Amino acid sequence: MHPLLLLASLCLSSLPAALTIYQKTTGGPAPTPRLQYLLEPLHEVVHAQRGATVTLPCVLRARPPHYTVKWSKVEPAELPENIILVTNGLQHKTYGQLGGRARLRRGHRNDASLTIAGVTLEDEGRYRCQLVNGLEDESLSLTLTLDGVVFPYQTSQGRYRFNYFEAKKACEEQDSRLATYQQLYKAWTEGLDWCNAGWILDGTVHYPIINPREPCGGRLLLPGVRTYGAKDKQKDRFDAFCFTSPVRGQVYFIQGHLSFKEAGQACRNQGATIANVGQLYSAWKFSQLDRCDGGWLADGSVRYPINTPRTHCGGLPDPGVRSFGFPNKELQTYGTYCFSVK
């Protein structure tokens, strides 16, 4: 055998049996589209802000003789899909709470795109546009994401007091919702470092660590979002990771030496309400609110937002919302943060 052929034979025979060698095609017909009737969307992720109107694209490349298009929300994964709208191309019917804010865009006769008005925090998630056509059903999925910020939250009684349902309610009371894992992970990449574990939307428990340290799993572990996995939603108790999005309003500070009750009245005197934690985080993140003054919030906590860290404002090197915890409500030491609707 020629030496080169012998070498090639030996090399091929030494490859693992399970290895597959792929060769790039240099010609031939284009691959068959995965979808026959629905156009693949240019982008599978659609971004929006709370309160906005958003359109999720779903366009037919061809119209079957008899068909219906069904829009549904299919997240969280453990819940059944939530049907929003069904159309046969001529008429449509909406369903549920989300359906009341949904309509077809109808840009042309083949347009089955879904338009949602007044986007809320709960609207974020995965949506399915399904064409029902007998044996040739097909669908496409789109993800609606909101710009927002994740923050840890605990009660005035200290850490690890919430079961899942209490954590969910606590976030809602702070103009937010339980964060998804994707939101928590993104917040970690942006600098969220928190040693206390908290519930997220799917019922699992996690905590994000940037700087490994002994009280937070040890110094030897790498930075990351550490997980306790799924926990008993009724019995197990942790903190919460909440998610909020920009609000149509303004958070501002009133200087003074006010008790908690006086703080609320000071805001009402100006036609505003005392701000909650979610509103303060939103103003810090999206309006760059920066004050070195502690102020009462609606839950009885005292916090202040820092975008430009400085020595006399807590001394920490990174931006964030600092907390004095939950002082005695009769204490006349702090001002207050108010929220007014624009």
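Quick reminder: no glycine exception, Cβ is built from N, Cα and C everywhere.
The disulfide bond annotation in TrEMBL covers C195-C216 (among others). Around C195 (disulfide bond), the same-chain residues six or more apart in sequence whose CB sits under 8 Å from its CB are Y207, I209, R213, P215, C216, listed in sequence order.
According to TrEMBL, the disulfide bond annotation covers C292-C313 (among others).
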With every protein chain in view, what's the tally of Cβ atoms within 10 Å of the Cβ of C313 (disulfide bond), excluding that atom itself?
15
Between the disulfide-bonded residues C216, C292, whose Cβ has more other Cβ atoms within 10 Å than any of the rest?
C216
